[in-house]
Amino acid sequence: MSIKQWPEGERPREKLLERGAAALSDAELLAILLRVGTRGMSAVDLARYLLQEFGSLGRLMSAEVGKLSAYKGMGTASFTQFAVVREIGRRILEEELQEEITLSDPDTVADYLRFHLGQEKVEVSVALLLNRQNQLIAVRELSRGTVAENTIYIREIVKLALDEYADSLIIAHNHPGGSPEPSQEDIMFTRRLAQAMSLVDVSLLDHFIVTSQTVRSFRQLGLMP
């Protein structure tokens, strides 16, 4: 049965208009984005199938075009739509951070970092540069690559902070393997960086480790120098 044949109150679009987007399931939201299904499958059926195959909405939305294209009804058009949705979400979160980012609101920072780094397939490190009021000046990528390739030079971070006239910064990196626990190398690097930043009167406020499901804060773990 096609969605057009469903009772009006159960159709995703009509349900959204009547109850709001929060009332829809992941499959219903995805069905609105997909618009159509395939032969024998409504858009909602296709959405449910894809969510089951990929394991989560985040993994599906971050899938590469080649992997998406292996599924009937999916391809470059769907990949483009998903990429646009991800980027819009990232920019909205970045706008919120630029308006006000404070340590009293760590959830906003964690949400942004999870969205920005959580689905990366390789290790990526970023710096969030802040002014005296703890408002976001800029987000800069520090490195990208495998763990073996992902070398971050402290002097480059110091230079970046000075070039951007930052009063403080937050650094973050993802663990593609899924474990959010800081390694001994992470802890030692954070100590060395905090010491180097103090020499130029820039505060290292926190270091976050990000996975697709979890964000860990060094400050909350009691690991900040």
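Note: Cβ is positioned from N, Cα and C throughout, glycine not excepted.
The structure displayed is predicted, hence computed values, not measured ones.
Swiss-Prot annotates H173, H175 as Zn(2+)-binding residues; of D186, D201, D206, the candidate listed for that same site is D186. Helix, strand and coil counts under DSSP for the motif 'JAMM motif' (173-186) come to 3 helix, 2 strand, 9 coil.
Note on the domain 'MPN' (102-224): DSSP counts are 37 helix, 36 strand, 50 coil.
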